[in-house]
Amino acid sequence: MNNTERLLYGAAVEGNVPSMLRLLEEDRLALHRVVSGCFKETPLHVAAMLGHVEFVKEILTRNPEMARELDSRRSSPLHLAAAKGHIEVVKLLLLTNPEISLSQDWEGRSPAHLAVIKGHIQVIKKLVQVKPEAARVKIRSESMLHLCVRHYQDEALQWLVEMMGDDHEFMNSKDDHGSTVLHLAAAYRQVEIVKLLLTESRVELNAVNHHGFTALDTALAQGCGTGEDVKIQELLKGGGAVQATQIALSRRVGSIIVKSSDEPPEENSRRRRKKTRKKDWLEQKRAAIMVVASLIASIAFQAVLDPPIMNMQKGETIPKATFYFLLLNGASFNASIFVILLMISGLPWMGTLFMWLLMVLMWIALITILLAYRCAEHITLQPIGIRENHITTGYLWHISISILLIGHIVRLAQKIRRWIKRRKSDSSPSRDPDILI
């Protein structure tokens, strides 16, 4: 650095305009040499940082390009003036080159960021009014609203909300963690900021960050250690904020409703009627099966307590009829008890297939109790010689059961055939009519 440059920097520190003018009369290229030299910080940086308005004006008049120069920290003169809150210097620099307001230093901070951190409201207003894009410049994905919360600048945030409140993207911008300014305000216990944001209709109350938290989740995670925690939680709940779990539940319910509403009204109504009929059928079958099973179990139990036994001498073997009676009666009793146990177990099996299983068990119970009755009839009537009625009744029951059993087998075969046909039609590839032409 030569003597002229050293004197020029000294004049910048003092803000001595006459001294600078004398130096420039002696060497008109002094300002240009400073810019092209190895010393990064220009006299304009020094004057802007110290707020020497007239000195800054003279330099910008003679070398306006110096406003774009960056120091060793990649800060422009506007960065330094904004950080110090020198509003008049800021105005001069913006008048010379408004684009400088979008530049960022080596830490990613713009002049507006520095003004927010320091709380210089007038500087923020001027920067955003001249260049609205300056408000949207982010630092490590954080917006100016995030900075306001982190540095407790309520007044700056209030002005930004009033100025940029119609910008939905700006009001709901997220940081690297997916957190909005409302998340951050809840985490930093900023009651007044939360209250302000809740009055803005464009603020998303229930945005979910990368951790799966809404603003209310963040507030609740703070606990109730302070009055601010309780106040923020009450404000969020009163404003309509919910937890992420409630959002997930409402979405599942909504998807079901949308899926149902996509169907034509007639089809939807038909499906509801079909489900209602099916439910009524299941309930009727369930009630009937429960009554019949209880009745058969009672009959079988009573038959064991007072069984029909032939007159037997001591040492004689049990007749086959008595043996079969006890066997069939036991089978009927066990089948009925098993049905009752399944009915009262509370397991979620009450579908059509399960009801068919219960009905098969009831068929077993009914047939076995009928056969047990025939054995008891044989045991009771044979000693007195009555057989004709017994034989006739047996044939009638055999015929009746055979007809019902054949009918159910035919019905089951038809259902299986329809099911196989439906599966084949579903698995076969659909043909495009345009290909067939």
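Backbone N, Cα and C atoms are what each Cβ position is placed from, and that goes for glycine too.
Unlike curated records, TrEMBL annotations are generated automatically.
According to TrEMBL, the protein has these features:
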REPEAT    39-71  repeat 'ANK'
REPEAT    73-105  repeat 'ANK'
REPEAT    107-129  repeat 'ANK'
REPEAT    177-198  repeat 'ANK'
REGION    260-279  region 'Disordered'
DOMAIN    280-376  domain 'PGG'
TRANSMEM  287-305  transmembrane segment
TRANSMEM  325-344  transmembrane segment
TRANSMEM  353-374  transmembrane segment
TRANSMEM  394-413  transmembrane segment
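Sequence-distant contacts of the repeat 'ANK' (177-198), counting only residues of its own chain at least 6 positions beyond either end whose CB sits under 8 Å from a CB of the stretch, comprise 143, 145-146, 148-150, 152, 154, 157-158, 161, 171, 204-205, 207-211, 213-216, 218-219, 222, 226, 228-229, 231-232, 235-236, 239. Per DSSP, the secondary structure of the repeat 'ANK' (73-105) breaks down as 23 helix, 0 strand, 10 coil. Within the same chain, residues 42, 44-45, 47-53, 56-57, 60, 64, 66-67, 111-112, 114-115, 117-118, 120, 122-123, 126-127, 130-131, 133-134, 137, 139 sit at least 6 positions outside the repeat 'ANK' (73-105) and bring their C-beta atoms closer than 8 Å to a C-beta of that stretch. Tertiary neighbourhood of the repeat 'ANK' (107-129): same-chain residues 73, 76, 78-79, 81-87, 90-91, 94, 100-101, 135, 137, 139-140, 144, 147-148, 151, 153, 155-156, 159-160, 163-164, selected by CB-CB distance under 8 Å and a gap of 6+ residues from either end. Per-class residue totals from DSSP over the repeat 'ANK' (39-71), listed helix then strand then coil: 23 helix, 0 strand, 10 coil. Here the repeat 'ANK' (177-198) has, by DSSP, the following mix of helix, strand and coil residues: 15 helix, 0 strand, 7 coil. According to DSSP, the secondary structure content of the repeat 'ANK' (107-129) in residues is 17 helix, 0 strand, 6 coil.
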